[in-house]
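Reviewing the structure listed below.
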Amino acid sequence: MAAPLVLVVLAAVTVRAALFRSSLAAFIAERVEVASPLNAWKRVVEGLALLDLGVSPYSGAVFHETPLIIYLFHFLIEYAELVFMITDVLTAVALYLAIQDFNKVVFKKQKLLIELDKYAPDVAELIQTPMEMHYIPLKVALFYLLNPYTVMSCVAKSTCAINNSVIAFFILATIKGSAFLSAVFLALATYQSLYPLTLFAPALLYLLQRQFIPIKLKSKSFWLYTMQYASLYLCSLVVIICLSFFLLNSWDFIPSVYGFILSVPDLTPNIGLFWYFFAEMFEHFSLFFVCVFQINVFFYTIPLAIKLKEHPVFFMFVQIAIISIFKSYPTVGDIALYMAFLPVWSHLYRFLRNIFILSCVLIFCSFLFPVLWHLWIYAGSANSNFYYAITLTFNIGQILLISDYFYAFLRREYYLTHGLYLTRQDGTEAMLVLK
């Protein structure tokens, strides 16, 4: 399997290197779908210029990245293109290794449940075989490295690529069962963009399963392990934040990074849901609706944790998708991360209801983004309503896609335990309705 992965990596690096040397690089870097006020490369360059002059990069309203990022590129600015290509490769390799280990866990769990007669007798066709699972890690790496969203994010030198890499290593550490590394990488991901805080729940559930600790609120071992993992996470986060303070000798980065993410003061158009809504809103209502919009990312964590407590990796996938849809400054690079996981759930395709329509919606919207932007900004024959309409359609498509996968997952789980061919008491065929 190493040879195909190397070929995929070489192809991905070649595509990126060619685009870096083409005239398209400057065009892609300016696209609002690819770069946001948080992660745009030109803002990192501006912050570096201020740092070189001995001025705090957070003294203006331009730079909103974390101190560790600016100090990373302070030393590696000459090799920025190479850094972003290596980052993408590391992300793909981390996902490859994570899914490889996850497939082994899934196969062992299936084998155990079959031996214990937990599955219905007529569900053999729903069971994943080693042959079906063999190429899934390679497909995940392929889906990430050659996804146009990932390629554009890399060519634009969006720091979203670094965030994705940190989350990928967090997933790898979690699936490997390393609580310490999982907590450290989760703290680093939270430090970078705040929203990965919601991944604490699926990581904890997975680690509890690895330790064979029952997920019961009355269990002492449950609370002890939860406190240990939470302590590791919080201590790592405190250390990273203190390191940032020592680098800058200032706390200015906290309001400039996290205050900026939460309060959404920059209403530059992007593929998110915030900018148009708050541009049209009266100022005295904005605080309330900012809270309403921001709570979306965190609101679904508890109900999903209850429903998917036995399936934390699928829970993690859904939560990453929710973050990419409802965060304040999303880019296509965020979407690429959860899309890389779609091959992992290839066994759900038979239960998906609208996959073709939703795929077409997302593809057409991706092509219409630059068209409607041109009509609005350059041709003057459209307005912001047109661009926001396509943004809204794109996000609705994503929501329906994740809902479809969620429905398919629950449906398959039900069939595994109750049988694939359901019948009523009178012997007639029954229809499964999930509510």
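Keep in mind that glycine also has a Cβ here, set from the backbone N, Cα and C atoms.
Quick caveat, the model's predicted, so the values are computed rather than measured.
Annotation comment: TrEMBL describes 1-17 as signal peptide.
Under the heading transmembrane segment, TrEMBL lists 68-99 (among others).
If you look up TrEMBL, you'll see 166-187 (among others) marked as transmembrane segment. When Cβ-Cβ distances below 8 Å are used as the criterion, the transmembrane segment (166-187) is approached by residues 90-92, 94-95, 97-98, 101-102, 105, 196, 199-200, 203, 206-207, 210, 228-229, 232-234, 236-237, 240, 313, 316, 320, 337 of the same chain, each at least six residues removed from its ends.
Residues or ranges marked as transmembrane segment by TrEMBL: 193-209 (among others). Long-range Cβ contacts of the transmembrane segment (193-209) within its own chain (Cβ-Cβ under 8 Å, at least 6 residues beyond either end) map to 38, 163, 167, 170, 174-175, 177, 179, 182, 186, 215, 222, 225-226, 229-230, 233, 258, 261-262, 297-298, 301-302, 304-305, 308-309, 312-313, 315-316, 319-320, 322-323, 327.
Listed as Cβ neighbours of the transmembrane segment (230-251) (distance under 8 Å, sequence separation of 6 or more from its ends, same chain) are residues 56, 58, 66-68, 71, 179-180, 183-184, 186-188, 190-191, 200. The transmembrane segment annotation in TrEMBL covers 230-251 (among others).
What TrEMBL lists as transmembrane segment is 257-278 (among others).
Long-range contacts of the transmembrane segment (285-306) within the same chain, counting only residues at least 6 positions beyond its ends with a Cβ under 8 Å from a Cβ of the stretch, are 195, 197-198, 201-202, 205, 262-264, 273-274, 277-278, 315, 318-319, 322-323, 326-328. Annotation comment: TrEMBL describes 285-306 (among others) as transmembrane segment.
Within its own chain, the transmembrane segment (351-373) has Cβ neighbours under 8 Å at 31-33, 148, 269, 271, 332, 382, 386-387, 390-391, 393-394, 397-398, 400-401, 404-405, 407-408, 411-412, counting only residues six or more beyond its boundaries. As annotated by TrEMBL, transmembrane segment applies to 351-373 (among others).
Listed by sequence, the residues of this chain that lie at least six past the ends of the transmembrane segment (385-407) yet keep a Cβ under 8 A from its Cβ atoms are 269-273, 275-276, 317-318, 321-322, 324-325, 335, 345, 348, 351-355, 358, 361-362, 365-366, 368-369, 372-373, 375-376, 434. The annotation transmembrane segment is assigned in TrEMBL to 385-407 (among others).
The list of residues near the transmembrane segment (257-278) in space but at least 6 beyond its ends in sequence, with Cβ under 8 angstroms from a Cβ of it, reads 32-33, 36-38, 61, 64-66, 193-195, 286, 289-290, 293-294, 325-332, 369, 373, 384, 387-388, 391-392, 394-395.
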